[in-house]
Amino acid sequence: MAMPRSSGRQNGFCFAQPLALPRASPAPGRPFGAAAAGAGCSSALGNGIAAPGAASPSDSCAQPLCLPSPAQEEPFEEGIKYVSAEGEDLACGWGGFTPGCLQLCNTPKGVLFFLCVASFLQGMTVNGFINTVITSIERRFDLRSYQSGLIASSYDIAACVCLTFVSYFGGNGHKPRWLGWGVLLMGLGSLLFALPHFTTGRYEARSAAQLGLCGGNHSLPCSQAASSLSGYRFVFMLGQFLHGVGATPLYTLGVTYLDENVKTNYSPVYIAVFYTAAILGPAAGYLVGGMFLNIYTEIGREIDIAPENTLWVGAWWIGFLGAGAASLLISIPILGYPQRCRSQRYIVMRVSEAHQLKDGSHQKASDPDFGKTVKDLPRSVLLLLKNPTFIFLCLAGATEATLIAGMSTFGPKFLESQFSLSASEAATFFGYLVVPAGGGGTFLGGFLVNKFKLRCSGIIKLCLLCTVFSLLAIFVFFIHCPNMPMAGVTQMYDGSALPGGHLNLTGACNAQCGCLQETYSPVCGTDDIMYYSPCHAGCKRVSENLRNGKKVYHECSCIDKALLPGFGKAEAGKCTSSCVKKPLLLCFMFVVILFTFLSSIPALTATLRCVSDRQRSFALGIQWIVVRTLGGIPGPIAFGSMIDKSCLLWQDQCGEQGSCYVYQNSAMSRYTLVAGLVYKVLGTTFFIVACFLYKPPPAESAPGSSDASENGTSDLQEHKPSLPAEEDI
């Protein structure tokens, strides 16, 4: 049977794919055929898994091949066709400036390094710094919650607007240039986000040493008119919009660029490393951003309030300056990469795993000229819509994205309420939980696909298995920790139950204090009961604990009535929870996060394989649109509305309802369980349907390799031997 003549052959089951080919080995005895067989031509198993035995992922980054002379050239293994890529400019550099030292980075590992740095910076900025400093920005620029919500949503809006254009035209263009300009735009967005700090006057926080004590000055005028500073929200929205535009190529073109420059078996590992960096970014953003918030926003200025004070504004802008400068720097080497790494000196024909449509219209995407003009855009969309495997993988991804977005937004709040932690403690705790579970699960998912040589059908089954495990583990939300007793909220000041469940923050012990409900500053009394504020506890004097720096309030009339009335004490902050269910709850939350992220890279790999080669970038773009519009954007809203139903105590902003101060833990766990079950059941259903509807290419699509391609385990289209090699392909 005839071998393929060129990389542009019109065959619905074959497409061009660059693979690294090594130098000729000085040590004889290791034929090319053995390497090929070990790497991708192992015997197939009927369940979509090939026997292990491939070389390590580092082998895909071999040096360029040193071609022997025609007289010395050994014949290739029968059935393999390699098309030379010598005519292309594969040097790394900027225009005519291509120094030899830069070519050391012109390998898949070099690409992976710079893309990992870019994804780390994106995650740290958008998912770390933004979530950490949003409260400080609200306080500094007099923003309402819905206005800060618009700032956060601007990122997803920009991504949805640009995804179709970037993935369609960038997928058929010079990917590194699209990536480099995107990272540069991301850096400009970060610098723009920090700009309002330098264009506004100094932040003046009035001293509140006596504010909140019984009998103190409680004049807290309400300003119904919006401050002129609130207009800066449009600057923040523009910065976030640039973040969204710049990050769009990163998770579409970046993934396909990595996939094009490594072997099929190693692609999940490279993509897993890339996404692991993106997950570690937010964790670093939480930690570094929290550290910067302990520095006063006006650096070098003395202030008599502590970070725990509600008037404190930290140095929220430092992180954006650093991330912006780093993004501008990292965009320079990315812009210098060629369309294909220099180690990719040959193109090898591979068997496509794209879903086979009954009418054969999927073969249109094999045309080398397909997708290069706008007129092909409707046809490209139609081909993807006719691919049921792709559609249900997108829907499954949307359900998983809903859970991830909801848990990342409200996970710290859940821990804060269940274990009676401060906001900073809960955020740090959640970060420590997500790093090993989310980062480890992401990397492990890619490793498993490579280890067991999973083909598309086997990958979808792995996703299904992970979703079922996380579905079972989510029943842990039946468990909850009891609320810490709070006077006037969960019980009366004398310890009795609240009549009819109605709040009553005023008792006989604080009736003469004139306390304001706008001043929420919880304290923990020596009777292990929380109070709304020092004023509501009837405290008249304040000092500082020299051991931990916390404020201690004295002469609290509502505390220690059984001992010495009027001499009770309270310490700033919430009472410590001693919930015995804490280890079990944390353990199963770890399992839920682990298996949710474990399926992310396999699902992404399945998406890349179930569509035609020329549609991969565009397919990722369409998938991101579906995931964001059905999952990422409504996810926090859905979880937030469910959790808000469990609120016991709402903030009072001059007669208007603000955020929730205290949640009922049992109701919060119950609503979280309902939301989690709904989305996990939907995700499981979508993966099952995708698995059943997937139709792999028939065995005869790969001439000369019916035994391997029949079970979908061959990485090369055909096999044939014997070129001495130092490393495997």
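Note that the numbers count up from 1, one per residue, in the order the chain is shown.
Here the Cβ of each residue, glycine as well, is placed from N, Cα and C on the backbone.
Keep in mind the model is a prediction, meaning the values are calculated, not measured.
Residues or ranges marked as domain 'Major facilitator superfamily (MFS) profile' by TrEMBL: 111-698.
Annotation comment: TrEMBL describes 111-130 (among others) as transmembrane segment.
As annotated by TrEMBL, transmembrane segment applies to 150-171 (among others).
Per TrEMBL, transmembrane segment is recorded for 178-198 (among others).
The annotation transmembrane segment is assigned in TrEMBL to 234-258 (among others).
Under the heading transmembrane segment, TrEMBL lists 270-296 (among others).
Among the features that TrEMBL reports, transmembrane segment is placed at 316-337 (among others).
If you look up TrEMBL, you'll see 389-409 (among others) marked as transmembrane segment. Long-range contacts of the transmembrane segment (389-409) within its own chain (CB-CB distance under 8 A, at least 6 residues past either end) are made by residues 127, 131, 282, 355, 434, 456, 460, 463, 467, 593, 596-597, 599-600, 603, 606-607, 610-611, 619, 622-623, 626-628, 630-632, 634-636, 638-640, 675-676, 679-680, 682-683, 686-687, 689-690, 693-695.
As annotated by TrEMBL, transmembrane segment applies to 429-450 (among others).
Here the transmembrane segment (462-480) has long-range neighbours at 396, 400, 418, 445, 448-449, 454, 581, 584-585, 588-589, 591-592, 594-596, 598-599, 602-603, 606, 665-666, 668-670, 672-673, 676-677, 680-681, 683-684, 687-688, 691, meaning same-chain residues at least 6 beyond its ends whose C-beta is under 8 angstroms from one of its own. Under the heading transmembrane segment, TrEMBL lists 462-480 (among others).
Marked as domain 'Kazal-like' by TrEMBL: 503-560.
The transmembrane segment feature in TrEMBL is assigned to 583-606 (among others).
If you look up TrEMBL, you'll see 618-639 (among others) marked as transmembrane segment.
With a cut-off of 8 Å between Cβ atoms, the residues of this chain six or more beyond the transmembrane segment (671-694) that come close are 355, 388-389, 392-393, 395-396, 399-400, 402-403, 406, 414, 456-457, 460-461, 463-464, 467-468, 470-471, 474-475, 477-478, 592, 606, 610, 638-639, 642-643, 645-646. According to TrEMBL, the transmembrane segment annotation covers 671-694 (among others).
For 699-729, the entry in TrEMBL reads region 'Disordered'.
TrEMBL lists 703-715 with the feature compositional bias 'Polar residues'.
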Result, the transmembrane segment (429-450) in contact with the transmembrane segment (270-296) (3+ CB pairs under 8 Å): yes
Stretch in 111-130, 150-171, 234-258, 429-450, 618-639 most in contact with the transmembrane segment (316-337), if contact is a CB pair under 8 A: 111-130
Most Cβ pairs under 8 Å with the transmembrane segment (178-198), selected from 111-130, 150-171, 234-258: 234-258
Cβ-Cβ under 8 Å with the transmembrane segment (150-171): same-chain residues at least 6 beyond its ends: 126, 130-131, 134, 137, 143, 178, 182, 233, 236-238, 240-245, 247-249, 252-253, 256, 371, 377, 380, 614-622, 624-625, 628-629, 632-633
Other parts of the chain folded back onto the transmembrane segment (429-450), taken as Cβ under 8 Å at six or more residues beyond its ends: 54, 57, 265-266, 268-273, 275-276, 279-280, 282-283, 286-287, 408, 411-412, 415, 419, 421, 459, 462, 466, 586, 589-590, 593-602, 605
